[in-house]
Amino acid sequence: MTSFFSRHCVSLLLIFVFSIVSTYKLFSPQFYTSHDGEGHVIRMEEFHESFMDGQFPVRIAKRINYGLGYPFFTFNYPLVYYTAEVFHLSGLSFVDSFKALMILSIIVSATGMYLFVSLFFNKTASLFSSLLYIIAPYRFLNMYVRGNVAEQWGLALLPFAFFFAEYSIRKKKFSIIPLSLILSLLILSHNITSLIGISLVTLYAIWRKYSSNEVRSLIRVNREVRSRILRDRTIINYVGSIVVALLLTSFFWLPVVIEAPQTKLSELSYDYRDFFPTVQEIVYSPWGFGPWKPGSIPGKMSPQIGVVHLLMGLCAAGIIAVKIVFKKKIQLSDQMTIVFLLIAIASAFLALPYSRFFWDHMPLLSSVQIPWRFVGYIVLGLSLCGGYIINSINRNTLKYGLFTFLIALLVYANRNHLRVNQYVDYQSPFSENKVIAMSTTSKDEHMPKKAPRIFEVPDQDGDIFPELAGTSTRIIWQSNYHMFNLDLESSAEFRDNTSYYPGWIAKIDGKDTAIQYEEDKFYRLRVSVPDGMHTVEFFLTEPWYRKLANITSVFTIIGLVSISVWERKKYSFS
């Protein structure tokens with residue numbers, strides 16, 4: 001490890017410097033306006049509240065969406081919120097935790113890209129690729145315009161996934177733990193990015209394993225040889241890494257798979273039709289801070305790729321075309337560049353309306369929701385192309401000169417993207433109101449499918465039917481536990497104004513009772529209560545499938561720790 005840092009210290013130092021330059025607007029003591037930034041900070045505050053209530057894993061936020069209880073954390077990128085919670089418990093405010101996550105995501109992005117590209121190119125080329133990956137309009141769009149810290153982290157971890165996949169292919173003695181952990185973090189970082197990212201890494205691993213002439217010739221020999229290849233340790237390691245990653249993150253994705261059909265998430269399935277940019281918009285469009293809308297609207301956000309990145313792609317394609325035309329030997333670095341150039345081209349196709357047929361007929365693709373999200377993967381592919389160009393130059397004087405010129409051009413081309421729209425003094429919305437109307441998502445899509453939307457705060461003490469049957473008073477209100485005192489003159493129905501979510505159970509005077517949520521028009525917690533004075537309690541528990549998922553994750557962690565200790569002892573004595 002020490003020798004690695006000594007060999008790469010200059011590159012790593014420059015990565016750190018340019019990461020700080022890219023994020024320096026975040027060092028203001030104030031917050032800044034963005035599309036999702038405030039929502040993330042509100043959810044960080046809600047996550048902390050739920051965590052302190054004893055939820056683990058954290059599933060539900062209690063104060064957003066009119067205080068109905070909103071299971072945002074069940075369905076979305078837990079890595080961001082658990083990391084933010086660590087920052088907050090360490091003393092940072094929620095706003096500073098958000099900023100720290102953004103800054104760290106840029107450093108991790110550049111470092112991962114550098115490590116991956118350095119497996120194929122020289123240090124200067126690797127450094128150039130890493131800087132191309134962070135000094136890009138789309139990365140500034142996520143950071144300063146959209147405020148999408150989760151997608152930033154998904155893109156940050158993706159190069160590490162490529163790095164460990166490549167490492168597993170090259171090394172005969174390779175532990176599956178590093179790749180499993182990176183894939184796990186990718187799954188937990190951003191749902192859509194992990195879906196696309198793991199697909200790309202898997203295709204890459206297959207290509208790397210079966211692209212050599214030796215393997216291709218072996219495959220043609222006979223069935224026995226093909227069987228031997230399929231038993232290859234590299235393939236077993238990669239498949240094993242994916243399986244372990246899925247087991248490790250089962251506490252997150254298994255409830256999502258089971259519970260998503262019960263929510264309004266399906267209402268988002270056709271949103272992609274309004275999010276196709278034009279060719280001109282991804283090549284160049286005026287920088288703005290407004291929301292995305294189809295058409296030429298002044299001030300709207302710009303999903304452009306970047307002039308320098310496009311130039312790198314064209315130059316790399318030209319160099320490879322010349323090699324092919326003149327029948328020069330195609331090296332591994334050339335093959336790598338072709339693959340990542342194809343990733344960029346395929347991503348560009350999927351981002352544009354020409355791919356509408358595939359979006360309409362492939363449900364998995366439509367789950368991506370926003371076609372211009374693929375610009376992030378165009379940037380990934382073209383960043384490697386940039387490194388390829390620098391790596392193709394043998395003369396150091398020319399190489400360093402071109403590197404310096406291109407970095408200067410890169411910074412200059414992005415000079416207007418390194419800014420925020422407006423600094424503001426953030427004020428927690430919970431400081432004056434116990435609940436807020438916004439759910440922090442566009443369509444309240446994590447609400448029960450049958451629950452109608454409301455536009456006013458319901459009674460915090462609950463509702464009694466018939467209304468004149470008695471009174472109710474809320475005594476305790478935590479994210480995972482509610483207690484009410486009821487005084488009824490006759491038997492009645494009592495409704496806790498909390499949306500039903502799998503895991504809620506009810507007790508009357510300490511005795512279990514059925515929750516009749518399906519009989520309530522708002523799909524809320526509702527119980528039948530006899531006359532008299534009673535204590536009604538609601539507990540958020542984990543259904544059997546969530547318990548199974550949690551136990552699976554815990555035992556996988558124990559297994560990985562045990563394997564790690566065993567491997568350390570094994571190699572120390574060998």
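Glycine too: its Cβ is placed from the backbone N, Cα and C atoms.
Please treat TrEMBL annotations as automatic predictions, because they have not gone through curation.
Using a Cβ-Cβ cut-off under 8 Å and counting only residues 6 or more beyond its ends in the same chain, the transmembrane segment (75-94) has close neighbours at 40-41, 43-45, 47-48, 51, 57-58, 100-101, 149-150, 153-154, 185, 188-191, 252, 256, 259-260, 263, 265, 428, 446. Here TrEMBL flags 75-94 (among others) as transmembrane segment.
Within the same chain, residues 8, 11-12, 15-16, 18-20, 22-23, 26, 80, 83-84, 87, 127, 129-131, 133-134, 139, 143, 149, 152-153, 155-160, 162-163, 166-167, 170, 332-333, 336, 383-384, 387-388, 390-391 sit at least 6 positions outside the transmembrane segment (101-121) and bring their C-beta atoms closer than 8 Å to a C-beta of that stretch. What TrEMBL records for 101-121 (among others) is transmembrane segment.
The transmembrane segment annotation in TrEMBL covers 152-169 (among others).
Marked as transmembrane segment by TrEMBL: 181-207 (among others). Tertiary neighbourhood of the transmembrane segment (181-207): same-chain residues 75-80, 150-151, 153-158, 160-162, 164-165, 168-169, 238, 241-242, 244-246, 248-249, 252-253, 256, 339, 343, 364, 367-369, 373-374, 376-377, 560, selected by CB-CB distance under 8 Å and a gap of 6+ residues from either end.
Taken from TrEMBL, the feature transmembrane segment covers 235-258 (among others).
The transmembrane segment annotation in TrEMBL covers 305-326 (among others).
Residues annotated as transmembrane segment in TrEMBL: 338-358 (among others).
For 370-390 (among others), the entry in TrEMBL reads transmembrane segment.
Long-range contacts of the transmembrane segment (548-566) within the same chain, counting only residues at least 6 positions beyond its ends with a Cβ under 8 Å from a Cβ of the stretch, are 57, 175, 177, 180-181, 244, 247-252, 254-255, 542. Residues or ranges marked as transmembrane segment by TrEMBL: 548-566 (among others).
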Quick one: find which recorded stretch in 152-169, 235-258, 305-326, 338-358 has the most Cβ pairs under 8 Å with the transmembrane segment (370-390).
338-358
Chain residues in Cβ proximity to the transmembrane segment (152-169) (below 8 Å; excluding those fewer than six residues from its ends, i.e. six or more beyond):
77, 79-80, 101-102, 105-106, 108-109, 112-113, 115-116, 119, 133, 139, 142-143, 176, 178-179, 182-183, 185-186, 189-190, 192-194, 197-198, 200-201, 204-205, 208-209, 234, 237-238, 241, 376, 380
Hey, which bits of the same chain come close to the transmembrane segment (305-326), Cβ under 8 Å, at least six residues off its ends?
132, 136-138, 282-284, 334, 337-338, 341, 344, 348, 375, 378-379, 381-383, 385-386, 388-389, 392, 406, 409-410, 413-414
